[in-house]
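Per Swiss-Prot, region 'Disordered' is recorded for 1-45, 169-223. Annotation source Swiss-Prot lists compositional bias 'Low complexity' at 12-32. Per Swiss-Prot, the feature phosphoserine maps to Ser31, Ser172, Ser864. Feature annotation from Swiss-Prot assigns compositional bias 'Basic and acidic residues' to 197-212. Swiss-Prot lists Lys250 with the feature N6-acetyllysine, giving similarity to another entry as the kind of evidence. Residues or ranges marked as Mg(2+) binding site by Swiss-Prot on the basis of experimental evidence: Asp381, Asp390.
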Amino acid sequence: MNHPDYKLNLRSPGTPRGVSSVVGPSAVGASPGDKKSKNKSMRGKKKSIFETYMSKEDVSEGLKRGTLIQGVLRINPKKFHEAFIPSPDGDRDIFIDGVVARNRALNGDLVVVKLLPEDQWKAVKPESNDKEIEATYEADIPEEGCGHHPLQQSRKGWSGPDVIIEAQFDDSDSEDRHGNTSGLVDGVKKLSISTPDRGKEDSSTPVMKDENTPIPQDTRGLSEKSLQKSAKVVYILEKKHSRAATGILKLLADKNSDLFKKYALFSPSDHRVPRIYVPLKDCPQDFMTRPKDFANTLFICRIIDWKEDCNFALGQLAKSLGQAGEIEPETEGILTEYGVDFSDFSSEVLECLPQSLPWTIPPDEVGKRRDLRKDCIFTIDPSTARDLDDALACRRLTDGTFEVGVHIADVSYFVPEGSSLDKVAAERATSVYLVQKVVPMLPRLLCEELCSLNPMTDKLTFSVIWKLTPEGKILEEWFGRTIIRSCTKLSYDHAQSMIENPTEKIPEEELPPISPEHSVEEVHQAVLNLHSIAKQLRRQRFVDGALRLDQLKLAFTLDHETGLPQGCHIYEYRDSNKLVEEFMLLANMAVAHKIFRTFPEQALLRRHPPPQTKMLSDLVEFCDQMGLPMDVSSAGALNKSLTKTFGDDKYSLARKEVLTNMYSRPMQMALYFCSGMLQDQEQFRHYALNVPLYTHFTSPIRRFADVIVHRLLAAALGYSEQPDVEPDTLQKQADHCNDRRMASKRVQELSIGLFFAVLVKESGPLESEAMVMGVLNQAFDVLVLRFGVQKRIYCNALALRSYSFQKVGKKPELTLVWEPDDLEEEPTQQVITIFSLVDVVLQAEATALKYSAILKRPGLEKASDEEPED
């Protein structure tokens, strides 16, 4: 019995129904520290499980004196009792052990912590020269089931990764550009990879994925480098987590308890969110009598309270979504969890748009702008793009130089500052790109019509125009408001064809319509000139010390009728993509310098901090052990190490993908900031681009930060008054843009993970070559090269006679002995080391959206090269 349309009639959030005395069952998976709290006698007066938060005044004083530390909380998605905040000294992250120490804070919250006494710090084994790379991504869903078959033995003494880090930085302007929703998110799912295990487990003991039994640690006599600072949360500065979760409803286990008569238990899909008591009166009417009818129904629940004396939070059902594992219910759940506003724009917002359509540019506005409508200007975008932010132009001058223009949609013209439209765009802060659709920052009339630089239509733009040498050296630079009329809408495929066939005339029927004022040859030559200059710009950027870490990205083909994935492929980043990227980067850097020179205290810029030093040094040590010396003294040095180490053969390219993935992990996120809030200009720098100043100017249709930058540039050029905004106010908007951008990236990752899981179910099993990324003593991690996903393979999931783990020098090695197919045959032996190439099979599990990676037996026929996709 399905209930996809069941709506819940609820009171408004924030009105709990008198449950201050409720103490629920013990939380699952608690740390030893948690258990001490819960094992206290509950007879008589109830004792608090969580500490009372400190007062604002005491917190403020403690932060000033340095006795307290603030940071963003990150919870390990696979071991939810482990949490971390960054250490202010850039060293190993500060460890927060257990739900009790976390004190009701949720993932992403800005928290204040107090360090525990040193004898309570986490011991990190000093003899472990074979560094376990801190490699668990900040995935926003629990690890998928990995298909292992648990035996009756328990896991012993295994200590998990010390650090969970944020997703990889990516500041190229090709990043999720223009609604290219299929293939612009790194990886399908961020899973754990590890190198040699630190534990001393018996190799016959299976790895139990969700268990962790820490052993008491005597930290006396250990050096400071052997200890990881540990802390407890004493205050939540900002509840950045939405307090919403998707999951399923269950009856409480104890039918005789008073709680059973009042509450159901909401079990979130994300194990980092606590279980939640939901009043039965908020549940579907027949839930108590027929709970199994709802066993596979997804609900959204919002936490409204979490008291000091209760293991579980109190919540309120918000909506019934539909069946778990189906794309639309799961998508709505993802959007809700991450606070994405996907509601229709209000009538008040829509009234801010031009009401008389078709809209034309007012004559007085034409007179205020440089008229470029006769120039050969065109867009290059994914074929499916509708929100065309940018256009390009290039013409050779008589002296052999080039005039190159980057023309960006003038969104700020249509979004008056302080209007209802401005406020909702500022709140949304970014468009969110899912595999199957876009949740726009602005109403579609703006995104797809008025602002979008559609061909053969007059459009308002903000332009940067340079006079460049053939080598890309800037001789002159001009900024200003313009009017353009794009002559054609090229796709990346069209531009790539022009680049690959420089002397051939491309038939008109293979190209989109071109305005009669311009010819195919004119557009073709402009693309070739842009490509030639872009190659020089790119070469010089890397000579000057830039770094690029491209990870495998997955793109999908969808069935037009059902919306289900028909196939997928690795997104190919080609010369046409690089062409656009180089000129977007050039424009962003130029605008950054212009607005900072004019408004040194009020410029909205984008900085990229250097990588986390502890993780990076551990990774370098690991590479040394593997015979791969790496220079990480600068971004450019790292880029050279990655590029010079590898050849063009299949094995070398796969190894480069693995190392690129590993070196992405210590990288921090790039951040928007207000220039007036940082005194040291060295902190303005962008590590990966290796430039002193950078901003975002080129995508105002989908990023609100770009709208702010457009307004600053307009003021810098005298088009409008100087900005009347305090630096701290601008910083708050920058922080909000950072938060929403991070949430958007998470949603993109989860959307891709959702579609890939559905594809495995519908089209699987899927076979691929994979490269081993990490070896533990009973499992190993692989990068599945055909699909760009990372999976852990457990030895006890395989048809093995035995397996053993050893170190050869410092390198970890698993020896697998396969059961023979024929009793008369000898067992097959297979050695697994880091960078081994293996064949794997991805197959769906019974649980919705879960799939396993299974190692193929050596000697079996390899997977066909025939694609199951497209």
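Each residue's number is its place along the chain shown, starting with 1.
Glycine is no exception: its Cβ is also placed from the backbone N, Cα and C atoms.
Lys250 (N6-acetyllysine) is surrounded by 16 other CB atoms, counting those within 10 A of its CB over all protein chains shown. A simple way to gauge crowding: the CB of Asp390 (Mg(2+) binding site) has 25 other CB atoms within 10 angstroms, across all the protein chains here. For the pair the residue listed as 'N6-acetyllysine' and Asp381 (Mg(2+) binding site), the C-alpha distance works out to 47 angstrom. Classification of Asp390 (Mg(2+) binding site) by DSSP places it within a strand.
In three-state terms derived from DSSP, Lys250 (N6-acetyllysine) belongs to an extended strand segment. Around the Cβ of Asp381 (Mg(2+) binding site), 25 further Cβ atoms fall within 10 Å across all displayed protein chains.
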